Ligand SMILES: Nc1ncnc2c1ncn2[C@@H]1O[C@H](COP(=O)(O)OP(=O)(O)OP(=O)(O)O)[C@@H](O)[C@H]1O
Ligand SMILES: Nc1nc(=O)c2ncn([C@H]3C[C@H](O)[C@@H](CO)O3)c2[nH]1
């Protein structure tokens, strides 16, 4: 039976979706706080065929003069809905951005905002169910259109302790109150979403990179998957 499944898989080898001529091949890089996403983007930013979009953190730090990221970390119960509403708006803006390059590479996405961060706030009782419901209605409305289609997820998979070590070293002012337990919990949610695949059905194929590797060797890890990220090589869809 497995043999037949594998033959079908091979026949259907054409990748899940390779974008189309009206839309670039869209790749989102996902991972815990401190997993090295910015560093990953810098590697691909050198490629003229790739339009790279970092997380709009500067917009979150200054929405009409308000630092919503700081407000959220300081009092998540009070500010989670405000912050996540703005995350959803700003990430939609990046999903919709028109580019002339064949490949769009985004740091995070509407999907991790909803599936990881809102999920975590909901589980911790920091966002009331009615607020989660409103965020979720917006998320479902937007993702029912083709405004936020993605073709590939790159998961920078880190051990929570290594991610936390990097956060402390980077020492971002708003993250001073971030505890290891939060990073551990975010790691578990990313694992369920992108590795164990038990949280939401992930339609786009996922490439998992070992992001624990130190900066001195991690470029080789990036280069291993460059053909897939540049849409030069289809992702083999494994049928278990
Ligand atoms: N492979 C690596 N080895 C060692 N240090 C790294 C590595 N990748 C990133 N760092 C360092 O860890 C810190 C976090 O990296 P980076 O900002 O790329 O993470 P991030 O995933 O973008 O974080 P965030 O989700 O908070 O934006 C930075 O100080 C960066 O220099
Ligand atoms: N609560 C919450 N919801 C999000 O959708 C979200 N996306 C990113 N972040 C936090 C992680 C880093 O501190 C910092 C930069 O990634 O912003 C988020 N926090």
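Even glycines carry a Cβ here, placed using N, Cα and C.
Quick look at what TrEMBL lists:
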ACT_SITE  107  active site, proton acceptor
BINDING   31, 32, 33, 34, 35, 36, 37, 38, 39, 166, 167, 168, 169, 170  ATP binding site
DOMAIN    28-223  domain 'Deoxynucleoside kinase'
*Which is it, of 37, 169: the one of these binding-site residues whose Cβ has the most other Cβ atoms within 10 Å?*
37
*Take the C-alpha atoms of residue 31 (ATP binding site) and residue 107 (active site, proton acceptor) and report the distance between them in angstrom, rounded.*
9
*asked:* Quick check for the class: what is the C-alpha distance, in angstrom and rounded, between residue 35 (ATP binding site) and residue 107 (active site, proton acceptor)?
replied: 11
*Greatest CA-CA distance (Å) over the residues 31, 32, 33, 34, 35, 36, 37, 38, 39, 166, 167, 168, 169, 170 that the record ties to ATP?*
18
*Please list, in sequence order, those binding-site residues from 33, 35, 39, 169 with the Cβ less than 6 Å from ligand 2.*
33
*Given the binding-site residues 37, 167, 169, which lie within 10 A of the residue listed as 'active site, proton acceptor' by CA-CA distance?*
37
*Roughly where does the domain 'Deoxynucleoside kinase' (28-223) sit in mean pLDDT, to the nearest integer?*
96
*Fewest Cβ neighbours within 10 Å, where candidates are the binding-site residues 35, 39*: 39
*Which residues, sitting 6 or more apart from residue 167 (ATP binding site) on the same chain, put a CB under 8 Å from its CB?*
33, 34, 175, 178, 183
*So how many other Cβ atoms are close to residue 31 (ATP binding site), meaning within 10 Å of its Cβ?*
25
